[in-house]
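Undergrad: For reference, the structure I am asking about is given below.
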Amino acid sequence: MGKEFLSCRNVLWILVFCGFAINYMLRINMNLAIVAMIIPRAKAAAVAQCSAVYIVSPDHSKNKSTDLSLFSTSSIVPNSSLEQLFDWDEYDQGLALGAYYWLHWLSQLPGGLLARRYGTKTVFGLGNFVVAILGLSIPFVTHYHLYALVTVRVLQGLISGVMWPAMHDMTAKWIPQNERSKFVSAYMGSSIGAAITYPLCALIINLFNWEAAFYITSLLAIIWYCFWYFLVFDSPNIHPRISQAEQKYILEHTAGTVQTSSREKVPWKEILLSGPLWITAIGHWGGAWGFLTFMTQAPSYFNFVHGWNLKATGLFSGLPHILRMIVSYTYSIFSDWLLRTNRMSLKNVRKLANLVTSGGGAILTLGLAFSGCQPTLAILFMMTGTAVNGAVSAGTLANLVDLSPNFASVLLGLSGLLTGISGFISPLVVGILTNHKQTVEQWRLVFIIATANLAISAIVYTIWGTSDVQPWNESKELLSCRQTLWLLVFTGCIINYMLKFSLNLAIVAMVVPRAKSPTTSQCTSGNSSSLTTFTVTVENPLLSQNISYTDRFNWTEYEQGMVLGAFFWTYWATHVLGGLLAQHYGTKLIFGGANFIACIIVVLIPVTIKYHLYAFLALRVLQGAVMGVVLPSMNVMTAKWIPPTERSKFVSAYMGGTVGTSLTYLICAIIIHYFNWETAFYTMSVAGTIWYCFWLYCAYDSPQQHPRISKAELKYILENTPPIVKNSKEQPIPWRHILTSGPFWIAVFSHWGATWGFYTLLTQSPSYFSFIHGWDINMTGLISGAPHIPLMIFSYTFAIFCDWLLKNNKMTRTGVRKLAMFIATILQACFIVGLSLSGCHSNFAVFFMLCGTITNGAISSATLANFVDLSPNYSSILFGICGLIANGAGALSPTIVGILTNGNQTIESWRIVFLITAANLTCSGILYLIWGTGEEQPWNNLYANDDEQGEELQKLKQEPTETTEKCDTVDEKKLKKEKEANGLK
């Protein structure tokens, strides 16, 4: 049998090398083509001086005159007529060049995650292929509009961002440690791609036109993808043509550091807190800044400062990248030799390589900064400065694999997230510094900034860098499934309230401003507090800055009350339906689907509202009906996932709505100020759609259905959660017992007061501070949104305290619920009474409004958790009925405010509003303190329990435990301690 000509690793090196070459050809073809795409401008004085110095210099004798044709200042090829060129200034050119990097950094981390899940073959290969397809469209979109070109470049950068991190996953699986420096040199195929692109594009543009440059580079990428698709495989285990000897060698030399499973959970906390990772990222930052500055700006620098033509610009911009590849390959072989012969430790090999890359690069870039009009020195420093960057393949690039072979792609993604920012900052800095000022002095500043970045990176990595495999390379569970569920419910409630209350602030910018009443003027002019003084100085011009009166609506206070309250007309009516739907179809479908449908409805608001007020009211009614099912449906999932001693803390996730409220006020104020009120609704809808994608993938209706839950967590939940009645249409609901249950109705009417108080402060704060205290939209949004984040913090910490009281038997469950209810109602009522009596004292008004809103956070440990206590099996139905009654407060409150303040925006009218609110809170609190209970009701278990839960638990008990209690999590340890305390085996 003949000897193998190329090993699979050699073939992989060649294809990776070509892939990165293609990647950079698609990335930087614009860098040179843009010189031929724009209308030539008159050179600045410094440019003319450099050109003249070069031509008449004594060093250039008459026999050198033939060289002038190469460096002729004519930068536009004859094939390009003025009609085909674009009148872009330096800022526009900076946009076109830098747009690629605007989102390039954002997809670095997803690239690493996608590679772990779907493999490098798919992510890396398809990334190049899709970018090539987009490259084919560049000539068409450029002729359409500059911003269309910018959009395509942004998409190219976003997609291409996944490729570098994806490659590290394959490197870790295929390449032993003592070969990594040489293999990672294949990444420097990007240099050859850059080197080929400049002269190739120059030739193509001279022979044809600038459009052809994009067609040819994209065609080369498609050809490369065909070879990649048939010859590359994600690991040696699945390669159909690899020899047994090579496969054995790879597996033996990568064993112990690489896990074969792609479903290992990423240890996010340990990675994000890893000092060695961020030191490596900082070490990589300077090299990236220096290299990208040379790569993207060299054509413009030599064209505008030295006055070279397209041929010379392409030639001398591309040559350094060939040298960079040669340096990378040879230096990587040298580094691997140092490791194999034990001449130097792995850590010192990486530090030496980074010192060459960043330290050497800093010195050479500084030389370029002071080369002035000396083209020979400029070429020398630019070429050597680019060439030494090749050592990065043996430095920080390889070090990311050293730190964690299992999560190398994730590390490069995070590193790229940071260093990729330099890719779009650098062109913007150059554009700002050189806009209409293409002088030697301005370019000197550009290169000095690059030098500073390189030097800092070299110093930081040399002092603190390391290459030791990190302890978290062997993955451990970061978040339990219950914690993940808490985050999803929390963010889901944020989205829910953002969609629900975006109108509350937007309406201030939607209606025609009315003259302030005498009382309002009195508050604005007579209040001496510093807070009011500030608001007066920035009064309402912000509202009219971007919105003309023709874009506003002449609604009375009564009509505004109708618009705000229409949501609640049907919101309360679908609460019971939400509980029933969740019982039959699961919380995942109802909670997630309702939020998503609400996103679609909110997108339609700007169109509908301009059609007719009643059409808008109908849409708000529909929105309320859809969103009414959301919160009641959540209790079904809570009962299945959360043990009783953790429910207060978990239900605090429902308070995500308060954070959503805070974010809504702040974000909407900014969006309306800089754009318009319509954009506020579009932004909320996009955010909700993104959340829904995560919900679909990560949330499951019960622990038994979750495909990625650990056995330890599943066992803990099943043993500590009361059995649930199986979701079946055949299982009857004990309606008579529910509807005649005293404890249930006590909880409902108690929840009424808390709801009235919360919705009054939530929906009316913007109008109150705008009409009474005369604040503008920015200040209104800030103060109205400020209390809701502290509310969430208070809710979460108080819930932890309540669970601690229960676990340690410091208080009964009923006592805990009553304590929470006292804070959420009686104490809140005291603060609202203070608000009603604050008059024109804005500082007092803000204080009482803040405290009143924050204390409502205790409701998550009161009636919200109490419904699950009373009946885990039917908690969603209980919450649905409660919403049917209690959320009527959300409909009544705005209506009453509209009636009381219609044409009468006075302190006295608002005092009545707040006193009515305080009365509702006080009555509800007293009612619950006397008759409320947290005990499970007898009718909860009228029917047979779900056998599925017991069967699943029995299976877990029969399975053998894993080696050395590997899955012995914190939950299991707690369970063992509880059993030992109770005398159980």
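Keep in mind that glycine also has a Cβ here, set from the backbone N, Cα and C atoms.
For reference, TrEMBL lists these features for the protein:
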COMPBIAS  952-970  compositional bias 'Basic and acidic residues'
DOMAIN    29-469  domain 'Major facilitator superfamily (MFS) profile'
DOMAIN    488-936  domain 'Major facilitator superfamily (MFS) profile'
REGION    950-970  region 'Disordered'
TRANSMEM  123-140  transmembrane segment
TRANSMEM  187-208  transmembrane segment
TRANSMEM  271-292  transmembrane segment
TRANSMEM  352-371  transmembrane segment
TRANSMEM  377-398  transmembrane segment
TRANSMEM  410-433  transmembrane segment
TRANSMEM  653-675  transmembrane segment
TRANSMEM  681-700  transmembrane segment
TRANSMEM  782-806  transmembrane segment
TRANSMEM  818-838  transmembrane segment
TRANSMEM  844-865  transmembrane segment
TRANSMEM  912-931  transmembrane segment
Undergrad: Suppose you look only at the domain 'Major facilitator superfamily (MFS) profile' (488-936); what would the mean pLDDT be?
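TA: On average, pLDDT over the domain 'Major facilitator superfamily (MFS) profile' (488-936) sits at 79.
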Undergrad: Any chance the transmembrane segment (818-838) and the transmembrane segment (681-700) are in contact, meaning at least three CB pairs closer than 8 A with a sequence separation of 6+?
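TA: Judged by the Cβ rule, the two regions do not touch, with the required three close pairs absent.
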Undergrad: What residues elsewhere in the chain lie close to the transmembrane segment (271-292), defined as a C-beta under 8 angstroms and at least 6 residues from its ends?
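TA: That would be 101, 354, 357-358, 361-362, 365, 385-386, 389, 392, 395-397, 399-400, 403-404, 407, 410-411, 414-415, 418-420, 422-423, 426, 450-451, 453-458, 460-461, 464-466, 468, 470, 472.
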Undergrad: Do the transmembrane segment (653-675) and the transmembrane segment (123-140) come together with 3 or more C-beta pairs under 8 Å, pairs six or more apart in sequence?
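TA: Contact criterion not met.
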Undergrad: Take the transmembrane segment (912-931) and find every residue of the same chain, 6 or more past its ends, with a Cβ under 8 Å from one of its Cβ atoms.
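TA: Sequence-distant neighbours of the transmembrane segment (912-931): 742-743, 746-747, 749-754, 756-757, 760-761, 764, 817-818, 821-822, 824-826, 828-830, 832-833, 835-836, 862-863, 889, 893, 896-897, 900-901.
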Undergrad: Is the transmembrane segment (377-398) packed against any residues at least 6 beyond its ends, judged by a Cβ distance under 8 Å, and which are they?
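TA: Same-chain residues near the transmembrane segment (377-398) but 6 or more away: 180-181, 184-185, 187-188, 191, 280-281, 283-284, 287, 290-291, 294-295, 298, 302, 306, 316, 319-321, 323-329, 331-332, 334-335, 349-351, 353-354, 356-357, 360-361, 364-365, 367-368, 371, 412, 415, 461.
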